[in-house]
Amino acid sequence: RMFHDDELEESEKFYVGQPRVLLLIYALYNTLVARSEMVCYFVIILNHMISASMITLVLPILIFLWAMLSVPRPSKRFWMTAIVYTEVAIVIKYFFQFGFFPWNKHVDYTKDKPYHPPNIIGIEKKEGYVHYDLVQLLALFFHRSILKCHGLWDEDEKGDSRSNKEDTDDELSLTGGRRDSSASLKSVNLAASVESIHVHFPEQQTAIRRKSSSSISQLSHRSSFSSHRSKRGKYIFKNINHTTLSLYFLQYKLCVIISHCGLCCCRTLQVYVPIRQFFYNLIHPDYSAVTDVYVLMFLADTVDFIIIVFGFWAFGKHSAAADITSSLSEDQVPEAFLVMVLIQFGTMVVDRALYLKKTVMGKVIFQVILVFGIHFWMFFILPGVTERKFSQNTVAQLWYFVKCVYFGLSAYQIRCGYPTRVLGNFLTKSYNYVNLFLFQGFRLVPFLTELRAVMDWVWTDTTLSLSSWICVEDIYAHIFILKCWRESEKRYPQPRGQKKKKVVKYGMGGMIIVLLICIVWFPLLFMSLIKSVAGITNKPLDVSITITLGGYQPIFTMSAQQNQLKSLDPNEFNEFLRSYRGDTAALQFLEGYAREDITRADLEGNSNSLWTISPPSRNKMIQGLLDFDADFTLVISWTIQRTLEEVYPYYIKAPSDSLAKPIKQLLKDSKWENITVSLVKNTSEEWWVLNQLGKRQKTPHESLELFIFSDKVSPPSLGFLAGYGIMGLYASVVLVIGKFVREFFSGISHSIMFEELPNVDRILKLCTDIFLVRETGELELEEDLYAKLIFLYRSPETMIKWTREKT
């Protein structure tokens, strides 16, 4: 064998024979080495999330606007900038840890203030102030060692020195060429001071790539220069028109004339020209590795959207509601939730528009705006809104981390360029069950399919009207679903003449039966289980008793609160149940209540208010009580104690609504308790005293005893659904779902000619051809293919010919 080496084979055998744990460690280390730059990015972002200061803000911005946009990889200059900046940041933080600085004397008071200047800058005194910076520096040195091992660390310097030498030769030749014609100026030497800058202006691409042995020396100089235009480290302007060229000539002449301003302008150009050239090369690359990561960017935005919905309170004041359902149930839309949702949704729409238009320049501008805008908002505006530091806001940190993933994907999309053609939905690339169910789930999301179709029509060049566009999309979706079913039939064929297997019948049919049964009995199960399983005990806070005789001034008012409301202990509860042994109605009622649902209220027998009745009413009441033919059957006297029989409700049910009812099942023989009523008179005041005769808890003083059975209430998160009741759930949920199920089982005969298509490959290809010619700009052909598709669906005979199995 060629390239046979015994040592390599022995090494491979030794490696394969190692334990799996050690092999896993080797694999993880190799992965770490292969993606060492990603480790550096992660550590830098993590450091900024923990510290959240202006010192740590610089490197994340440079990552998204410099490192991740560099082709093919970040230059040595970036890594040196990151290393030096991290070292300087460590020294600055260490220097400001000394206690003689004024802001370090009240650290406990200012450490949680988001707008305290040392906290914003990142020079506050705290424990572990430099831990993450040291980890960041260690990761950067590790990546530098990896680059040095592969010979990539000094690659840029070699390229720069080589290109500089060639630039010097070109400039010398071009300087001689200037004597013949001033219009052939290719290099300007600004000797404003000791330093100088050389700026090159190559010709247009067509003139650069033109090669001719018989051309004049001036053109040969241009060709010689153009052969090195792709070298890194050179300041090159591409495709500059005559007006821009003349403007730069004028600027350079002014710099030569005004020597003291020339150095400043040259320094400005030294910064501006590389940045401009960097973004120019990014937008107009010589070679583009086209890729499509829009789906991943959309998923990252979707995750951020979910974080906003379930953690919106983290982006507002501390007094905001704890969950979105409680706020929406009160018909309140929190401002923080509204602003965050609109911003997130707006960025997703803009991203979709840029993807459809395939404009890299727009994506670059959008990336710059988003990077600066989100960092400014998250680390300068949000802490003031939430009144707490970003490092103390876990939800905001999670949202920012996912957004950083989105920034990385966007940078990768910019660096590689948008795809030339966007054909169909990303879920329709394969024809299997996973894509089928995901695609159908995508179409079930309200307004998502419609919004996507309208946006695609707006930002795509087409001759079709909106209705025609939607028609094509609907046909394509329907044909894709049929294609998935036909492919599944080919993978799992059913032999002719054989009955369906029990696995299929009980798997699919049984699942449908269970689902339909659950839908039918859902309200009963829900209302039964929501309170018994997930119900919350709703104990009373106040129990009040008011007694009135004959419509006159109430003679007795009393309330029981706090210590007067007591729960039953296990022995009392068991004794209570034994007292109703043999009473079927009472035991059936008690099955729905646990010990914690019962509350005993002890009310003081003395009324808590004086009997302030007017003398005429008092006399009339006395006359009514003295009249034996009237409703009052008791004889009243100032000193006589009267007994009221079967008037006191000993057991009261407190349902979820506000209406409390006596429990007739527990009132034996439908008899209520007896109480005694007496009037106590002082020198100038009088009040009523009540006492219950048949109390379970015997007390020496006059008092009333009351048992309250509290119904469990549904959790707050499901209260909106439980509020409909059983009949409401049947009317609003079951009947609506039943309507859709009925449409699935009925009306099938009307769609047989469109559903039972043996082979849909030709129709599917026709749809993809429409997408393809639209992307290539053949709009007339798009109209013809659309007309062909419409004719196909209008002609059943043609449809039969097109959908026959291939022979």
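Placed from the backbone N, Cα and C atoms, the Cβ positions cover glycine too.
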Which residue range, 124-140, 430-446, 787-803, is the one TrEMBL calls transmembrane segment? 430-446
Can you say which of 246-265, 466-485 is given as transmembrane segment in TrEMBL? 466-485
DSSP composition of the domain 'Piezo transmembrane helical unit' (34-154), residue counts helix/strand/coil, works out to 82 helix, 0 strand, 39 coil
Mean per-residue pLDDT in the domain 'Piezo THU9 and anchor' (291-528) works out to 85
Among 14-32, 293-316, 364-386, 398-418, 430-446, stretch most in contact with the transmembrane segment (336-355) (C-beta, under 8 angstroms): 293-316
Chain residues outside the transmembrane segment (78-96) and at least six past its termini with a C-beta under 8 angstroms from it: 40, 44, 55-56, 58-59, 62, 66-67, 70, 104, 118, 122-125, 129-130, 133-134, 136-137, 140-141, 143-144, 147
Are there at least 3 C-beta pairs under 8 angstroms linking the transmembrane segment (398-418) and the transmembrane segment (430-446), leaving out pairs fewer than 6 apart in sequence? no
Give residue numbers and ranges for long-range contacts of the transmembrane segment (293-316): same chain, 6 or more residues beyond its ends, CB-CB under 8 A. 322-324, 334-337, 339-341, 344-345, 347-348, 351, 355, 382, 385-386, 393-396, 398-399, 402-403, 405-406, 409-410, 412-413, 426
